[in-house]
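Beneath this line is the structure, given in C-alpha cells, with notes to follow.
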There are 2 protein chains.
Amino acid sequence: MPVFLNSDDADFERGFQAMLGAKREDSTDVNDAVTAIIRDVRARGDAALCELTSRFDRLDLTPGTLRFSADEIAAQVARVTPEDRAALMLAAERIRAYHARQMPEDASWTDPEGATLGWRWSAVAAAGLYVPGGQAAYPSSVLMNAIPARVAGVERLVICVPTPDGIINPLVLLAAQLSGVDEIYRIGGAQAVAAMAYGTETIAPVDKITGPGNAYVAAAKRQVFGRVGIDMIAGPSEVLVIADGDQNPDWLAWDLLAQAEHDADAQSILITTDPAMAEAVAAAVERIIPTLDRAAIAGASWRDFGTLIVVRDLDEAAVLSNRIAPEHLELCVADPEGLAAKCLHAGAIFLGAHTPEAVGDYVSGPNHVLPTARSARFSSGLSVMDFVKRTTLARLTPGALAAIGPAAVRLAASEGLQAHGASVQARLGTLNERLSE
Amino acid sequence: MPVFLNSDDADFERGFQAMLGAKREDSTDVNDAVTAIIRDVRARGDAALCELTSRFDRLDLTPGTLRFSADEIAAQVARVTPEDRAALMLAAERIRAYHARQMPEDASWTDPEGATLGWRWSAVAAAGLYVPGGQAAYPSSVLMNAIPARVAGVERLVICVPTPDGIINPLVLLAAQLSGVDEIYRIGGAQAVAAMAYGTETIAPVDKITGPGNAYVAAAKRQVFGRVGIDMIAGPSEVLVIADGDQNPDWLAWDLLAQAEHDADAQSILITTDPAMAEAVAAAVERIIPTLDRAAIAGASWRDFGTLIVVRDLDEAAVLSNRIAPEHLELCVADPEGLAAKCLHAGAIFLGAHTPEAVGDYVSGPNHVLPTARSARFSSGLSVMDFVKRTTLARLTPGALAAIGPAAVRLAASEGLQAHGASVQARLGTLNERLSE
C-alpha cells in the first residue's frame, strides 16, 4: 500500500522522515567484483573484454568485432520505421536547440592595478557514453547524453552499449547516428567503463564518461572517477507532483505511474491541498495498474514507495518539496510560476497541467539526465557544462605585480612557503640576496 | 636527479610517458579505515567525534567545545599583525571581485510551438569547508573556498579544521571571519567529513563539502560523494613552466621551487626551446635548494619528479602541455596569449614573465583550488559554479503539447513505456479508453 500522510497529523514528521529515509537501492555490494573487472581490463585489454562479454552477454566477440561496423549500423538503422525516425529527429532537434543556449562565455578584463584577468572554456577532447542494454536501452538517453557533448564541441565521442545475445535496439543506433556518433562498441557493464577509462588495444581512452547504468556500472564509474570525469552516480528515478484541487485525477495518476513503470525502486509522490484529490488519484492509480504492460514493476514501486501527502496550503507543499529535493517536480496548480519560485531544490520543474513529465523525457528540450536521491540539493542535470572545462587566466604587468605582489609575499611568509614569496620578490628586485647565494 | 628530456632524442616518447605515468601518490590504502570512521560517526555522533579527536589530535573535547566560541575566535584574531591582516584583506577583496563575475544567468524563452523553456540557478543551502590543520593550515585556502560559496549565496557555511594539540593558526580564523563564517569546528580527518555529510547532535549536515586534505580526507570525500556533493579529489600539486630563451633563469627556478616546496610529491616541469635555458634553470634550482627552509621537501620533489624538456619550438611545447594537462601553466614567452590559445587543457594559465604562479595562490583573484593529476582534461578549478545548481524549467500550452506530444508518445512506445505515452495521450484526448477502464 502507498503511504498516506496528512501534515496535520501528530505523527506526520515521523512518517515524512521515514519516507525520505526509505532505502530504495539494492544494497548488494558489487565493489569488489567491479574492482576485479577493472583490474582485468587494465591488465589484459581486449582479451578481457571479449571474455567478459562472452560470460555476461552470451556473445562471442574478437577485437575486430568489438566495434559495430558502418554496414552493421546502416543495416540496423534501415529497420527503423519512418514514424519512429521522425519522432526521434524532432526530439534531437529540440534537445539541440535547448542545449545550444547553454554554452558558457569566456571573459577577460583589466583591473585598475593592471592585472588582466579572465577565463576561457574549452571542450573535453574525448567523451564516452554508456548506454544500458536490453529493455533499458533507451534511444532518448543517447540523444540526451550525446547532443550536449556535440554542442560543447567534444571531438571524439564513443558509445558503449551491451548487446545481450547479440540483440541491439535499432533506434539506439539511429540516435547515435543523429548525434553524429559512429564509434560504437557492443560491450557493457564495468568492463565497458574500464575500457573507456583506461583504454585497450582497440579502444582509445576517453576523458569523461557519462550515462546511466546498473549497480555494476555505477560502482565502476565511482571507481574510475579521478582518472576520468563522470557525470553522476544515478539512482532510482523519482517524481513529485504538487496539485491543487482543480486537476484531472486521471492525468496525475498517469504521471505517477509513468515514474513507477521505470523501476520497482522508482518513487512517485503526490502532494495536494485537497484530500479528495488525494483519494481520487489513489483510486485512479489502483484502477490503472492492472491494465499496464509493466503492471508488476509499476505496482511494486507504487506499493513500496508511492506516497500521497495532504497539506494545508501550497507554501507547506513547497517546504516539503525542498526537503525531498525531487529529480522531477510537476506543478499542477493555478499559478505554477509562483509556486516554482518557492521550490528551490529540484532537477527539473514541469509547470502547469499540460506539461506532463513524460514530454521532458523525450521532446521538450531540457535534459532528462537529472539528479536523483535528493542530490538536487547540490547538483544539476546533465548539460553542455559537463563537457567543457574552465581555464582561468591572469597576466600581470610589472606595475600590477608591484601593486599586489607584496601582499602575496606577506601571505606566503605567514604560510611558511619561502620560495612562493621569493618568486615574487625576485621579480620585484626585493629578494634578500643571501637566499640565492 | 631531475629528468632531462629532449624531444629530438630517439627515446623521448618513452621518457615522456614514464614521466606522465609516474606514480606520485602514496599507495597506502586507507579506505577500510575511513569506512570504519564514517560508520562510527554515523552511529555515535558527537561521542565518536570527541573520541577520535582525542586519539588523532591529542585534544580532549566535549560536544560543548567542538565549536570555537565567538570569544575564542576574537582572541585568536586579535593576535594577527596589522600587516598580515592588510594582506589577507587585499586577497579577500580581489578574490571576491573575480568570483562575483562568475554568477551564471537564468534563462527563459518561448519557442514557436508555444513551449516556454529555460533554467534557473539557485545556491546550495549549506556547504562545509575542510581546512587541513598543522603546517598545511593555509588561510588562503579558506578564502578560496569560502568566498565563492558566499558569492553564490550559500546561507550556511561551516568550517572544520583540526587543531592538533589544540594549536590553531590565527590567520585561518581571520580568513573565516573575512569570509563571513562563524560556525567553525575543531575537528579534522575522515571524522570531520562524516560529521558534515551525515550530521551529529551538534553539527547539522551540509549539502556540499569542499576543500583539500590528506589521504584520509580524500577517501572520506569519495565515500560520502552522492550523499553530499564534493568539489574534487585533490592530488599532489604541479606546475608546468614553458619558457623561451629570453628569460631570467633565476625567476623560473624560484617558480619551479615554489611548487616543489609544497610537498615531496609535487611536480615541477620546465619546457623550453633553449637548451642553455634548461641548463641555467637546473643550475639555479640546485644552487637555491640548500638555502630553503623546506630544502628537504623541495629537494625530494625536484629529485624525484622534477623534469626539464627541450623542444624544437613552442608548438611542440603546446602539444606536450596538452598531454600533461597541468594544474598550473606558466607561459614565460614573448607572446603568451598566442601560446595560451594552443594550450587547451590547464587549470590556470599565468601569462608572461611578470605573473609568477605564487601571485595566483594568493592575490591575483582566480581560484587556487585547481584540477591536479591530469584532471584538467575534464574538470575545472573551484568556482561559484560549485555552489549553485541548475533547475530546468518547461511549461507547455495545450497547443504546444498537441504539437510535440505525439512524438513523445511514439518514442515512449518504442521504449516500451506505456504510462509515459498515456500521460500525454490523456491530455490530448487520444488515449485508448480500454487502458483506463
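Note: Cβ is positioned from N, Cα and C throughout, glycine not excepted.
TrEMBL entries are annotated by machine, without manual review.
The active site, proton acceptor annotation in TrEMBL covers B:Glu327, B:His328. Here TrEMBL flags B:Tyr130, B:Gln191, B:Asn214 as NAD(+) binding site. Annotation source TrEMBL lists substrate binding site at B:Ser237, B:Gln259, B:His262, B:His328, B:Asp361, B:Glu415, B:His420. What TrEMBL records for B:Gln259, B:His262, B:Asp361, B:His420 is Zn(2+) binding site.
With a cut-off of 8 Å between CB atoms and residues at least 6 apart in sequence, the same chain places B:Ser140, B:His368 near B:Asp361 (substrate binding site), listed in sequence order.
In this record, NAD(+) is bound by B:Tyr130, B:Gln191, B:Asn214; the longest C-alpha to C-alpha distance in that set is 13 Å. Sorting the recorded positions B:Glu327, B:Glu415 by the number of other Cβ atoms within 10 Å puts B:Glu327 first. In the three-state DSSP classification, B:Gln191 (NAD(+) binding site) falls within a helix. Each residue contributes its Cα atom, and for B:Ser237 (substrate binding site) and B:Tyr130 (NAD(+) binding site) these two points are 18 Å apart. Contact annotation for chain A: of the listed recorded positions (B:Gln191, B:Ser237, B:Glu327, B:His420), B:His420 place their CB atoms under 8 A from a CB atom of that chain. Nearest by CA distance to B:Tyr130 (NAD(+) binding site), out of the recorded positions B:Gln259, B:His262, B:Glu327, B:Glu415, B:His420, is B:His262. When the Cα atoms are compared, B:Gln191 (NAD(+) binding site) and B:His328 (active site, proton acceptor) turn out to be 31 Å apart. B:His328 (active site, proton acceptor) sits 20 Å from B:Asn214 (NAD(+) binding site), taking the C-alpha atoms as the reference points.
Note: the CA-CA distance between B:His420 (substrate binding site) and B:Asn214 (NAD(+) binding site) rounds to 47 Å. Listed in chain order, the residues near the NAD(+) site other than B:Tyr130, B:Gln191, B:Asn214 are B:Pro132, B:Cys160, B:Pro162, B:Gly188, B:Gly189, B:Ala190, B:Ala192, B:Val193, B:Gly213, B:Tyr216, B:Val217, B:Ala220, each with its Cβ within 8 Å of the site Cβ centroid. Under the three-state DSSP scheme, B:His420 (substrate binding site) falls in the helix class.
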